[in-house]
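Encoded as structure tokens, the structure appears first; notes follow it.
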Amino acid sequence: MSTTKRCYYETLEVERTADEPSLKAAFRKLAMKWHPDRNPGDATSETRFKEINEAYEVLKDGDKRAAYDRYGHAAFEQGGAGGPGFGAGFASSFSDIFEDLFGMAGQRGGRGTGRERGADLRYNMEITLEDAFVGKTAQIEIPVSVTCEDCSGIGAKAGTKPKTCSMCGGAGRVRQAQGFFTLERTCPGCQGRGQMIEDPCPTCSGAGRIERERTLSVNIPQGVEDGTRIRLAGEGEAGLRGGPPGDLYIFLSLANHEFFQRDGADLHCRVPISMVAAALGGEIEVPTIDKGKSKVKVPSGTQSGRRFRIAAKGMPVLRSRQMGDMYVQVVVETPQNLTKRQQELLAEFEKLSSGATQPEAAGFFTKVKDFFGTRGAAS
Ligand SMILES: [Zn+2]
Ligand SMILES: [Zn+2]
């Protein structure tokens, strides 16, 4: 995996010597360009967006950048210096971009408080064409971690209070002298919280959050298409230690339909008809997506493949009152498994056929004859 991975500096289109402000500027520019909200339904931009995020996550952090400069991507593989859990999944890339681009930094809380925005969740939902036609309210069950009610997310057992961390005196950061430099880093004793929990809450074991199944109602509007994304703000995972929750993204995919094919707002339907019906003409009844029926007049002498339009029997257009059309394509089915009697009748019919009954065939064979005729004359 690491061999195919692009260099983080290349991903951000910066020099290896780039300083922090130019890294940030490059990241902002690229993230705005590739943000999935600006490129809905485009898988490439989502991938690019994740790569940009991952690269910036590493390079903006002095320690991680140093490790990357020294060991490359190997520094962050499972079991490597970065340890498990690192790497920009869908969730982490989103939580960061919203903070960075839209100025939500205040919601995360000051540095060192340990407050953290909850992760975003992705939920894939398959719906039928009929659902997309009428729209619906779907009940979904999602496993989410929610703030523990017993300790209000603090993680300390009821009646006890977290104690100020002795390693950092509550600052959440510690200073270390290394040669000429003094490094300031997140306190390893309290992971930046500034507080230590001596009696953890028994309900959540001190994490401040618990896993729950949550039922949500999702409103699916009429006319949604394959790949439509619905964002439910604040319905993602609970934040850490009182941080704000993440968002929930519902990715819709449309199941294939038995006989309707969708093309934007229009629907297409192939209807087989008999040779005799096509020749004599008549009326056929076709199903419509609204569970009704429409009649289509098939004129006598209809050829296979001919399309008929039924106005406004297609799909609704998202957030509008417009409706697409339905196209019925008739396909003439050649009779098979004929009885002796049927063969006789058709043979008799053929004898009576002429250029008038089969103009296309007659015309074609005349042309073929001419073709051989002129070639013969030339040689
Ligand atoms: Zn608790
Ligand atoms: Zn501490």
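Note: Cβ is positioned from N, Cα and C throughout, glycine not excepted.
TrEMBL annotations: computationally assigned, not manually curated.
Annotated domain 'J' per TrEMBL: 7-72, in sequence order. Taken from TrEMBL, the feature domain 'CR-type' covers 135-213. According to TrEMBL, the feature zinc finger maps to 135-213. Residues annotated as repeat 'CXXCXGXG motif' in TrEMBL: 148-155, 165-172, 187-194, 201-208. Per TrEMBL, the feature Zn(2+) 1 binding site maps to CYS148, CYS151, CYS201, CYS204. Residues annotated as Zn(2+) 2 binding site in TrEMBL: CYS165, CYS168, CYS187, CYS190.
The stretch in closest packing with the repeat 'CXXCXGXG motif' (187-194), judged by the count of Cβ pairs under 8 Å and taken from 148-155, 165-172, 201-208, is 165-172. Among the binding-site residues CYS151, CYS165, CYS204, residues whose Cβ is positioned under 6 Å from ligand 2 are identified as CYS165. Shown in sequence order, SER166, MET167, GLY169, GLY170, ALA171, GLY172, ARG173, VAL174, PRO188, GLY189, GLN191, GLY192, ARG193, GLY194, GLN195, MET196 are the same-chain residues outside CYS165, CYS168, CYS187, CYS190 whose Cβ sits within 8 Å of the Cβ centre of the Zn(2+) 2 site. Remote same-chain partners of the repeat 'CXXCXGXG motif' (201-208), defined as residues 6 or more beyond its termini with a Cβ less than 8 Å from a stretch Cβ, comprise 147-151, 153-158, 240-242. Within the group of binding-site residues (CYS148, CYS151, CYS165), the Cβ with the highest number of other Cβ atoms inside 10 Å belongs to CYS151.
For the binding-site residues CYS168, CYS187, CYS190, CYS201, CYS204, counting C-beta atoms within 10 A of each C-beta gives the highest total at CYS190. For ligand 1, there are no nearby binding-site residues; that is, of CYS165, CYS168, CYS187, none has a C-beta under 6 Å from one of its atoms. Taking CA atoms as the reference points, CYS201 (Zn(2+) 1 binding site) and CYS187 (Zn(2+) 2 binding site) are 22 Å apart. Shown in sequence order, GLU149, ASP150, SER152, GLY153, ILE154, GLY155, ALA156, PRO200, PRO202, THR203, SER205, GLY206, ALA207, GLY208, ARG209, ILE210 are the same-chain residues outside CYS148, CYS151, CYS201, CYS204 whose Cβ sits within 8 Å of the Cβ centre of the Zn(2+) 1 site.
A distance of 24 Å separates the Cα atom of CYS168 (Zn(2+) 2 binding site) from that of CYS151 (Zn(2+) 1 binding site). Mean pLDDT for the domain 'CR-type' (135-213) in the predicted structure: 85. The separation of CYS148 (Zn(2+) 1 binding site) from CYS187 (Zn(2+) 2 binding site), Cα to Cα, is 25 Å.
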